[in-house]
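Single-structure report; data block below.
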């Protein structure tokens, strides 16, 4: 860099590597360090670098540019690919047959219904694909980045599988045509069914070879197939204009006739699948090729332009071709014909009566029509288009091109979608198929998996069986694409800004609903299987919670709902029946005090608000909470001391009604040795909580709460030589007392004063947890020996009205106590005013408000004696409890901080169980009324 540059120096190659700087250099053979120049330990080959090398010679810049991957435009990459995939086996081999079954009118309805679904889906996918840069992964990428990994992962699995099955469908269609040719020339290999299997396996193997050769060869093959199909279409339409020969008449073709059109305009259902939705289920897979272009989104030059333009034009032209072929062939060919030249009206074989349209043209097909043995006509001959055309081999070539191009497109789509799914690591095991090879990152392993699946379905060898299977998979994909567009629109996310504007959220919703309805109308059991697969995979991904963040519309929707509900909550007055302890937990870094986090989480998770507060913090604490599965917010604030930071957190934490009403903090274990100012701030923080009308909970563990430890580290990269200390907390797997099963132990509640019910509510919420459900709650109250039984019954009655499930009530008797240990505890904090003048004593009291005067000890002697006795009772009754809950009472400014901490210390010293000092703010937390 120039001398005046503020950037660090760039060091040339050839110097000795430093052991303190392990990262490899990137580009140009130099390493750049933020603080100090260090040599690069991993020199790049001199053949690829210029400058001065170890030899001291100036080699110049010799670069070998990496080969650019092949990229396609909207015509070859999307439109032609989609048209070829739509013009599949159904067009040539089933559209005439569907026309015979449903009639021209209902066939047009089937075509237009399919076009409506695909057009709406095309508009939705156009909107999604123009809302940011689209990468590889096609349909899966679009849905997963819009709806999130849960639904995206499900559709990735389904769509990959559907494309693999579609390969088999198109290959079987091709094999059927080859089988018919073999029958025509009497060259059957084994039998008709096994011939389909043999030809199908050979064909899919050849297609696999083309796909493995790379996208460039696959694209060239698709252009050739497109040209062949165009020639076959021209050949067909020319054939409908050529006058019928006698041979074609015997097979039911009579050129354009008005009465044939009128006869064929209505339906004539035949066979098991002879109904509207049976025909729709067979035809609809021919409309599923609209995603062929989007599925190779990673191989397009500009997906945002190519996908909308190519997809919508492909839908338009293919729909037009389907309508034209259905209308023309339905106007030229009758439903039943024998194919025999002897079935003319004047022939000796003719029957006395003649039924059907053929009679008007001199042909009598009555006998085969009544017997159901006709081999020709729209309803019987799958090769009707070939018979009508001007030159039948061109139709055969068109069938070959359509079926092979569709099969090839699906063979390419399935592995690419599946590869993207595997790379996202949403599911176990399948990561093996994520690896790509070559300049286009080809999923060779995915190709082999698709090949195996395709062969498995080719062995079924029945086109009408395979077609309905994949209809539900594609319809489910369409439903989710449309729902993605609808959901992204209604969430009003500022990030939803598609450049394609010609869509409506309501049309997208209609497309999603109609796709689901059609799924169940076609094959209800297959639809249930698809829904079941989605629910299972959705549950798995939701449970595993993969570490991905794609800014999905689900996140935007969650935010929108949370905002709406939070605002609506502010319009509702609080009611005691809905009281929840909403806790601000002063944890510091949460990983330093995991027991405190787990304690509050145990009674707030899924019930109420929990916020972990820290006066300073970093993002890693949020990640720690998430990994530990603690449902809590995390907030940090910068402040000079605990009290001011805690006060700020109390004021700003929360939103509307979702504001903390209970402050939770850990017991100050080192209060006797810490700075007196820190002690004063700690107790003042408790008083500030009461001033803010919040309850307080102080948790004490025998061994303390802070598990952090300092670890000495060597100097870091590019940091001057020395040492530093990093403070580490508990990892997310550390188990605390509140995460362990408590078995049949007790939770002892010392309910000595009325605080509104918070002291009773927290143990109740704890007892609802599975780990604490076997504990029994014992409630201790203060009383007199003479009326102990009456007091016990009164409290039992009150607890039963509260419906807490606490039935064990114990009355504590008044017994004598001794203050010797307590006096020793507060001795270091005595004011010792007897040794000073009154003026000096008053000045010292103002400067050290935490110190205990003789007057304080006299005024609070009875209370101090009570704490000593309570400690003895706790030792006697609660030595083996799972948790002790007790309510300390003190008024702000009533006693010095040291005296208050001495009371808490006296109560909880040397107790094995955790002790929770809980006091409400006199706000009712429990009620036994219905309103």
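Here the Cβ of each residue, glycine as well, is placed from N, Cα and C on the backbone.
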Name the residue range among 374-407, 408-441, 510-543, 544-577 that TrEMBL annotates as transmembrane segment. 510-543
According to TrEMBL, which stretch among 176-195, 196-215, 256-275 corresponds to the feature transmembrane segment? 196-215
Helix, strand, coil: count each for the residues of the domain 'SLC12A transporter C-terminal' (593-711), based on DSSP. 46 helix, 25 strand, 48 coil
If we skip the immediate neighbours and take only residues 6+ beyond the ends of the transmembrane segment (510-543), which ones have a Cβ under 8 Å from one of its Cβ atoms? 116-117, 120-121, 124, 149-151, 153-155, 157-158, 277, 280-281, 284, 426-427, 468-469, 471-473, 475-476, 478-480, 482-483, 486
Selection from 221-242, 444-463, 469-490, the stretch that has most Cβ pairs under 8 A to the transmembrane segment (196-215): 444-463
Over the span of the domain 'SLC12A transporter C-terminal' (736-930), how high is the average pLDDT in this prediction? 81
Chain residues in Cβ proximity to the transmembrane segment (444-463) (below 8 Å; excluding those fewer than six residues from its ends, i.e. six or more beyond): 89, 93-94, 160-161, 163-165, 167-169, 171-173, 175-176, 193-194, 196-197, 200-201, 204-205, 208, 211-212, 411, 414-416, 418-419, 422, 432-433, 435-437
Hey, which of 72-93, 105-128, 155-175, 221-242, 314-334 has the most Cβ-Cβ pairs under 8 Å against the transmembrane segment (276-294)? 72-93
Which one of these stretches, 72-93, 105-128, 221-242, 314-334, has the most C-beta pairs shorter than 8 Å to the transmembrane segment (155-175)? 72-93
Long-range environment of the transmembrane segment (314-334) - Cβ separation under 8 angstroms, sequence gap at least 6: 78-80, 82-83, 86-87, 91, 95-96, 98-100, 103-104, 107-108, 111-112, 115, 118-119, 122, 233, 236-237, 240, 252-258, 260-261, 263-265, 286-287, 289-290, 293, 356-358, 365, 377-378, 384-385, 388
